Amino acid sequence: MRQVAIYGKGGIGKSTTTQNTVAALAESGKKVMVVGCDPKADSTRLLLHGLNQKTVLDTLRDEGDDIELESILKTGFGETRCVESGGPEPGVGCAGRGIITSINMLEQLGAYTDDLDYVFYDVLGDVVCGGFAMPIREGKAREIYIVASGELMALYAANNIAKGIKKYAETGGVRLGGIICNSRKADNEYALVKAVAEEIGTQMIHFVPRDNIVQRAEINKMTVIDFDPAANQANEYRKLAKAIDENQMFVVPKPMTQDRLEELMMKHGFLDAV
């Protein structure tokens, strides 16, 4: 069983990318569980065709500790197993703690069965705060992929996340598997993201082009694989899934300084030198 965490800045398309990749893996016959680690609880919506799944934390609040696995785990597209950890009430408590509680509960209830090929953790976070780092800190997720684009803040967040991974890689077995570029059609985006990936010692594992079919599929509460399996974009997600499935490059990242990141941006024509 490979345990994979997907990180990236808010709004970069982590949940969409994760669900489409998982759908492609499921289509190819892999058995996959997705654990949403975001208080928005939207990490499994497309796999479940819009079902507003009750989160682990809400279930615990309503029913106490004596809950059944069926109460928190739903089956989605391609027999994927879908869980949302949820979060505390706004302004109260730490969402990261919710992730810890949820994963512990899933372990207690026997969700991590031997027949699973993958568990994906879709994790909120521009910065790897202690709670949100839990899937890597506790050694649950062994491989990390960062979703980024060719925009400064996305790459700044990716570099920050690499710092967090480096910290935990030194004491545990977690490794960075690569950067997924979720294109925003920025100038020189492919070359820039590839250069940033290489600078921190990893690879751009796939460049996902921008395509409006992703939004059309989302409006219909589906992944692209489900909505239009013959679409070019569906094939892009299949390529990403295959790249992850066959990946052999797992590294301890070498994060950049802020100055070096800005140097790379300038080199690729993003920031005008003052």
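Every residue gets a Cβ built from N, Cα and C, even glycine.
Taken verbatim from Swiss-Prot:
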type	residues	note
BINDING	Gly8, Lys9, Gly10, Gly11, Ile12, Gly13, Lys14, Ser15	ATP binding site
BINDING	Cys94, Cys129	[4Fe-4S] cluster binding site
MOD_RES	Arg97	ADP-ribosylarginine
Integer Cα-Cα distance in angstrom, Gly8 (ATP binding site) to Arg97 (ADP-ribosylarginine): 19
Distance [Cα-Cα, Å, rounded] between Gly10 (ATP binding site) and Arg97 (ADP-ribosylarginine): 19
Fewest other Cβ within 10 angstroms of its own Cβ, chosen from the recorded positions Lys9, Lys14, Arg97: Arg97
Reduced DSSP assignment, Lys9 (ATP binding site): coil
Densest Cβ neighbourhood among Ile12, Cys94 (binding-site residues), 10 Å radius: Ile12
Pairwise Cα distance for Gly11 (ATP binding site)/Cys94 ([4Fe-4S] cluster binding site) [Å, integer]: 20
Rounded inter-Cα distance in Å - Ile12 (ATP binding site), Cys94 ([4Fe-4S] cluster binding site): 23
Residue among binding-site residues Gly8, Gly10, Gly11, Gly13 with least C-beta crowding, 10 angstrom cut-off: Gly11
Distant-in-sequence Cβ neighbours of Ser15 (ATP binding site), under 8 Å, six or more positions away: Gly36, Asp38, Asp42, Ser43, Arg45, Asp122
Neighbours of Gly8, Lys9, Gly10, Gly11, Ile12, Gly13, Lys14, Ser15 excl. site residues, C-beta within 8 Å of centre, ATP: Val147, Asn182
Using Cα positions only, nearest of the binding-site residues to Cys94 ([4Fe-4S] cluster binding site) (Lys9, Gly13, Lys14): Lys9
